[in-house]
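Structure record follows, encoded as structure tokens.
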Amino acid sequence: MSEKICVAVLYGGYSAEREISLKSGKVVFDHLPSDTFDKYLVDVRTDGLFVQTLQGEVPAVLSPFGFRTEDAEYTFDVAFIAIHGTPGEDGIVQGMLDMLRVPYTTGGVLPMALTFSKAECNAYLAKMGFMVPKGIYTTEAVDPQKVGEELGFPVFVKPAKSGSSVGVSKVTTPDDLPKAIEVARQIDKLILIEQMVKGIEVSCGVTSVFGEVRALEITEIVPAGEFFDYNAKYSGKSQEITPARIRPEAAEYIKRTVEEVYKLLNLSGLCRIDFIVPDRSDPVLIEINTVPGLSEQSILPRQAAYLGIGLPELFSACIFNALKRQA
Ligand SMILES: Nc1ncnc2c1ncn2[C@@H]1O[C@H](COP(=O)(O)OP(=O)(O)O)[C@@H](O)[C@H]1O
Ligand SMILES: [Mg+2]
């Protein structure tokens, strides 16, 4: 057997973000240095986990976690989780790997499950003193009039659990609220109706894979459309500017906040936290991404590049950190 570390790059998954995850996983696979790692892409689908080998796809074996070919057995030492959305970003794969005693590159079951549901996560962050948008979290029908009185229009309507802006709408009049709620409900029974925060949208990477918990850089997002919706995210038309052109106090506040939140929630690996920076008040936290996009063009890899950290170094550090956490 080789002395290299055997890595399963888990990718795919079964949410609307599957296609993006297939890209992220491939980028991780391509950039993990072959002299240190024996690496395999593992497609996680509703019909099972499948390892991509040179001989084609073979089902993963769970105990010990690995796979078999005609002439050999392979055991994974560690899993790199590159699945956006369920089951990689919500604690489900983490629970499976905990049971199999395989270390992995993200936070554990609780932080992943909590950050994946924006309603519970925001309620907890607000309780701990962080600024999140004022909102209503509900599984029931809502009276548009009341929403207007409580929050004022425009509002953002979103499913509690989703990503890539799928099911998210900006609603400017009470009449349009029921339709937006129906769209969000198709993804999750629990929905958020949030006051719109006006300002500059930014995102800040944060990680502990190099030792201490450290904010990366802040990226400003100038969406192509009304807001940073699915199209704006992947059409390549939105502008992303690193570092963001925001007040130095706001930048300081964001970097301090991402580090505090990362520690408080016991996150691990690469995370990215989104904020809106109003003209005159403190930045408001919009959401936490615990498996952010990992392609070369994605925000967090570009922040790392800005700091002189390349993808091979970044992804290798994630694996060493996962192994160290387990030891
Ligand atoms: N309260 C809000 N105020 C202003 N814009 C918002 C608000 N909530 C969401 N948005 C906009 O909608 C986008 C998607 O919302 P977000 O909560 O980040 O969902 P997702 O997890 O799908 O990315 C954000 O990037 C931002 O442009
Ligand atoms: Mg978002």
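Placement of Cβ uses the backbone N, Cα and C atoms for every residue, glycine included.
Straight from TrEMBL, the features:
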type	residues	note
ACT_SITE	Glu17	active site
DOMAIN	122-320	domain 'ATP-grasp'
ACT_SITE	Ser164	active site
BINDING	Asp274, Glu287	Mg(2+) 1 binding site
BINDING	Glu287, Asn289	Mg(2+) 2 binding site
ACT_SITE	Ser298	active site
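The average per-residue pLDDT of the prediction over the domain 'ATP-grasp' (122-320) is 94, rounded to a whole number.
By the rule that a residue counts when its Cβ sits under 6 Å from some atom of ligand 1, the recorded positions Glu17, Glu287, Asn289, Ser298 yield Glu287. If you take the C-beta of Ser164 (active site) and look for same-chain residues 6 or more apart in sequence within under 8 angstroms, you find Ala16, Glu17, Ile20, His84, Gly85, Tyr230, Lys233, Tyr234.
Non-local contacts of Asn289 (Mg(2+) 2 binding site) by the CB criterion (under 8 A, 6+ apart in sequence, same chain) comprise Glu89, Gly163, Cys271, Arg272, Ile273, Asp274. In this structure the alpha carbons, written CA, of Ser298 (active site) and Glu287 (Mg(2+) 1 binding site) are 17 Å apart. Taking each Cβ in turn and tallying the other Cβ atoms within 10 Å, the top scorer among the recorded positions Glu17, Asp274, Glu287 is Glu17. Contact annotation for recorded positions (Glu17, Ser164, Asp274, Glu287, Ser298) versus ligand 2: Asp274, Glu287, each with CB under 6 Å from a ligand atom.
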